[in-house]
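For reference, the structure is listed below as structure tokens.
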Amino acid sequence: MPDQVVTRFAPSPTGFLHIGGARTALFNWLYARGRGGKFLLRIEDTDRARSTPEATAAILQGMAWLGLDHDGEVISQFERAPRHAEVALELLAQGKAYKCFSTQDEIQAFREAAQAEKRSTLFRSPWRDADPATHPDAPYVIRIKAPQSGETVIRDQVQGDVTIRNDQLDDMVLLRSDGTPVYMLAVVVDDHDMGVTHVIRGDDHLNNAARQMMIYQAMGWEVPVWAHIPLIHGPDGKKLSKRHGALGAQEYQAMGYPAAGMRNYLARLGWSHGDDEFFTDAQAREWFDLDGIGKSPARFDLKKLENLSGQHIAVSDDAALRHEIEAYLAAAGLPALTQTQSGDLERAMYCLKDRARTFPELIEKAAFVLASRPISPDEKAAAALASVSDGILAELTPQLQNASWTRESLEEALNAFAEAHGTKFGKLAAPLRAALAGRAVTPSVFDMMLVLGRDESLARLRDAAHPA
């Protein structure tokens, strides 16, 4: 095995980057990055009828959002078809593959007869050991000569040793009659040529591994380390599907989940490091290994995703968070922030991010800094303003005018004002929130006043004291 770890993610471009694929990409990325290796990207676009440029773009965009950078150029499997065919012809020349002239009708007749006689329907070609001199001038496929006795053992890092009797393996087609290679051949040739050392993929590919091993062994190539990871199930224990909610990675971006939270959650979806739930990217790269992957399907839990996302928002750098929120607005098709709003949002981030689980929740709390005068109070805020006389706010404004506009001076001024009116600051907080933000649920009054600054805060208080 080469010294450098090389992993790959090889999606088919027939749709968006779904959650299962995103997790597979993440596991490959973490394993390679944590070992100073390479993470490669191959687009398996051999199915020309279903592969689309739009799907390829969606996959690349989803990976970019998740921060899963790859090494080197994106490999197109379709463009490598001549190389795949070359390997099939090499096996043919070595006597490890053969030309099969059996027609589809003949194969179907063989299987029907086998079924009627209650014997194996596995097709055994009469052309396997035929003298080439007897070959007709007719279309043919190239089949590999599968071993007919013994066992094939898949040494899997997740599933353990999986043993398959060789008499259960057919002589797989490598090259179709039109000269195009089959997927099973293309995967092996590409992985070998790309230097892939570890194949980490869904366990729905486990059955393919035995057939792919035949090609590795026939070519005398080193077999990579296999790690077949369980699929993701919904909360009800059934395979994750549309009815369980959003499936595409970009849908979660548009819903306002931070990429770091999504990476953390996907990493924990089927892999564990002790009891650690929350961890940074650096910790994930350091800790991730194949031994920590469980055999049982993981269940997708939106509440856990929300909780982890909230923790990542809380510890994020303010500028980076503002930048990601702007990307979220674009992904969700929402209006972009103005330059002024962008700067104001970043300044306010310290008092917004502690309790937000998603970007929509954070933006809701940021309404006070994104709004412009005159502030229109919602129903609860209007009720809070109506609970005090306009004169109270009008009287308060000049007293704040001379405050030095620090948290300490504002607290002192507002508490003194409340005491002078025979009440406590808590009684004034609701109308002040309403005046400053037009909402009943906001960051603290002092945080809002500090973020808005003296002039804007006083102007909003005056507006509320003298409504139009």
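Note that the numbers count up from 1, one per residue, in the order the chain is shown.
Any Cβ shown, glycine's included, is placed from N, Cα and C.
When Swiss-Prot is compared with the stretches 11-21, 121-131, 154-164, the one noted as motif ''HIGH' region' is 11-21.
Swiss-Prot lists motif ''KMSKS' region' at one of the ranges 239-243, 309-313, 419-423, namely 239-243. Mean model confidence of the motif ''HIGH' region' (11-21) amounts to 92 (pLDDT, 0 to 100 scale). For the motif ''KMSKS' region' (239-243), residue counts in helix, strand and coil come to 2 helix, 1 strand, 2 coil, using DSSP.
Long-range contacts of the motif ''HIGH' region' (11-21) within the same chain: residues 43-45, 47, 50-53, 55-56, 58-59, 61-63, 202, 231-232, 240, 247-252, 266, 300, each at least 6 residues beyond the stretch ends and with a Cβ under 8 Å from a Cβ of the stretch. Under 8 Å from some Cβ of the motif ''KMSKS' region' (239-243) lie the Cβ atoms of residues 19-20, 231-233, 300, all in the same chain and six or more residues away from its ends.
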